[in-house]
C-alpha cells in the first residue's frame with residue numbers, strides 16, 4: 001500500500017487553518033514525517049517517490065505550515081529533482097513545481113533552515129516562478145485550468161505577483177473559467193487566490209488566545225474564517241470533511257437537441273502494438289459531458305466498450321478503458337484530448353464537447 005502522504009498533508013493544512021489545540025495533531029505530524037521517509041524508499045528502486053513529487057512536496061509544505069523543521073536531506077531530494085527536471089506529475093509539471101516552490105518559500109520565510117540552504121530555496125522558488133510564466137499559454141492559462149491557481153499561489157507567495165505580467169493574465173483566465181471549479185478540492189485551490197492569499201498564509205496565523213477552542217473543530221474553522229478575511233474556513237474546511245452537502249441551486253437550463261461526438265481510444269507503445277483501439281461516432285444529448293459520452297458508448301456497445309472511473313475530491317477520474325488500466329506504479333494515465341492534439345482543461349464530468357468534435361483518450365506516460 002502506498003503511503004498516504006498527500007492526503008495527510010492536505011488534512012494537516014486544513015487542520016492548521018482551523019487553529020486546533022496542539023494535542024490532536026501532534027501524532028498526525030509524526031505520521032506525516034514517517035510517510036515522507038516511507039515514500040522515499042521508492043527512490044532506491046525507481047528513482048522517485050512511491051507516490052509522486054507532488055505528494056512529497058505537499059508533505060513538506062504541510063510540515064512547514066505547522067512550523068516543523070524538516071531534515072535537510074528531505075529538502076535536498078526536492079531541490080535535486082527540480083534541478084534535474086524530474087518533477088513530472090500526470091503529464092503536467094506546473095502543479096508539482098508550484099507545490100514544491102511553495103514548500104521552498106515556506107521553509108525560507110519561516111526560517112526553518114540554515115542561511116545557506118535558505119538562499120538556495122529562495123533561488124529555486126523564483127526559478128519555478130519564471131518557469132511558470134514561460135509555461136503560460138496565449139489564453140492566459142498556466143499548464144491547465146486546475147494548475148493555474150497553484151501557479152498564482154507561487155506568484156503571491158514569492159511576491160512576484162506585483163511585477164510578473166503573467167499573474168494578471170492568469171487571473172483573468174481564471175475568472176473566465178470559474179465554472180470548471182465545481183468540487184470542494186478544486187474550490188480549495190482557487191478561492192485563496194481570488195482573495196489574494198496562498199496556503200503559506202496559514203503558517204502566519206496567530207492561534208494564541210483564541211477563545212472557546214474546546215467547542216470543536218467546526219467552531220474553530222468558522223471563527224478563523226471571520227478572523228482571516230473569510231477565506232480560511234470555506235477553503236480549507238472542505239479538506240477536513242468526509243462528506244459535503246451541496247447548496248440548493250437551480251439546475252442549469254437543459255440545452256435542447258442532440259450532438260454527435262467522435263470518440264477515439266489510443267494506446268501507444270510500450271503498452272500496445274496497435275495505436276488506435278477504438279474509433280466510433282457517439283450520439284448524445286446536446287448538454288452531455290465527456291462522461292456522458294463514455295456512458296453512451298458503453299450502452300451502445302457493452303461488450304466492445306467498457307470503462308471505469310475512480311471518485312476523487314476533484315471529481316471522477318478515468319482509470320480504465322477497454323480493459324487497459326492506468327496505474328501510478330506504471331507511471332501512466334489516461335490523457336484527455338480534443339483533436340488534433342489539444343489537452344482538455346477540464347475533467348470528464350465537467351468538459352462538454354461540441355457537436356462534431358473528436359475526443360481522444362490516450363494512455364500516456366508521466
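Any Cβ shown, glycine's included, is placed from N, Cα and C.
The feature cyanocob(III)alamin binding site is assigned by TrEMBL to 51, 52, 53, 54, 55, 95, 144, 189, 334, 335, 336, 344, 366. Residues or ranges marked as disulfide bond by TrEMBL: 64-106.
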Legend entry - Integer Å distance between the CA atoms belonging to residue 64 (disulfide bond) and residue 55 (cyanocob(III)alamin binding site): 14
Inset, instruction - Whole-number Å only: compute the distance from the Cα of residue 53 (cyanocob(III)alamin binding site) to the Cα of residue 64 (disulfide bond). - result: 16
Inset, instruction - Across all the protein chains here, work out how many other Cβ atoms are within 10 Å of the Cβ of residue 334 (cyanocob(III)alamin binding site). - result: 22
